[in-house]
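Enquirer: For reference, the structure I am asking about is given below.
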Amino acid sequence: MIINSFSLISLLGFQLITWLLFVLSYFLKINLLNFPTWTFWLVIAAWITFVARHNLRQLFILLFAILIFILPSLWFPVTGWDSITLYDFRAQILLHTGNISDTLFRASVVDYPMFTTLLHFLFYRSGLSTPMPIYAFLYLLFGLQLYSLFRRTNSAKLSLVLALVVTMAPKLFEHSHIAYANFPYTIYLVLGTFYLYYWTINKKMKDLLLGILLCLASLWIRSFPFGLIPILAAMFVSIKSTRTQMAAIIVAAIAILIKYWPINFSILVGILDFIKWGILKYYFPYPLIFVLSVIYQFQSKTKNWFIPFTILGFWAAIIIGNYSYALTDRIFAQIPDALQRTVMFLNPSISLYFLLLLTSKSKT
């Protein structure tokens, strides 16, 4: 299917081109101003033509959708503090010097990877006055991928509705107009989780590899460990022995206790309260939908627990991560919006879980 091939390769292609630019500049010391950006657009045009060569109708529909999404964004400027002072600022430096090493005084590559910065650079070098079409295009790719994945087990109309429900999760649409890295991070992480979900069902190597690749790709956008959790959850549910699963949970819990012992309970209680009003209340009713979905899964005896385990892993990482921040960087606890942006993948993940649970039971 053209939609699936185009959206998947485009997402992986963005990763590939940004990695290529990074290696050329950071390791090979090649000035990026010497990189011919026309080759980037030539490859995209060739790819679209190749994929759609046997179906011109789908090609025209796809091109129309791209235009509808991208054209309005050409009039959107870069907004948001981090966007202006970090991601886009580094792209502006690259436009003048062409060397990634010149941007490192602002932030290290490990703490703030170069994915969005290098995409901004590519668009600026191509003559555009704003990089915002990137985010509109990523939003479209996200919807196309969701549709393609839902389409495996549902009708075309139902798949379209399901994809729209996930893409309409709070913060997602808002961030498609803001040049923050949290938006593409969420897209890669949620899609990686979706592919791994199918792997837990069909055990196809392609789904496993794509799931791992997309989850790991999120680390090139933001260096948060959430991208590892779906991979670990997939490994966990693939263990046949309940005793081995319990042993793995106990070992992980002991390792965390050892790392943070002695636990400062006053800080921990403060963190839980911070999460309560910073996430639970802000994103309500999504947390409630998750709890009700888990209860429903228990009652309906649905066997696949991959996505709920993944979401529980996300919650555990949020609590542990905020506790760690509170011990080392208390300023973070005073910026609730930073936490909400960081965990914006929770809502589409919960939507995905609820919809998959609902549609899977309707077929039984």
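Glycine is treated like the rest: Cβ placed from N, Cα and C.
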Enquirer: I'm validating the feature mapping. Which of 156-173, 282-299 is tagged transmembrane segment in TrEMBL?
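Expert: That would be 282-299, the stretch labelled transmembrane segment in TrEMBL.
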Enquirer: At an 8 Å Cβ cut-off, counting only pairs 6 or more apart in sequence, do the transmembrane segment (249-275) and the transmembrane segment (59-78) clear the bar of 3 or more pairs?
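Expert: Counting Cβ pairs under 8 Å (6 or more apart in sequence), the transmembrane segment (249-275) does not reach the transmembrane segment (59-78), since there are fewer than 3.
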Enquirer: Is the transmembrane segment (132-150) close to the transmembrane segment (210-237), in the sense of at least 3 CB pairs under 8 angstroms with a sequence gap of 6 or more?
Expert: no
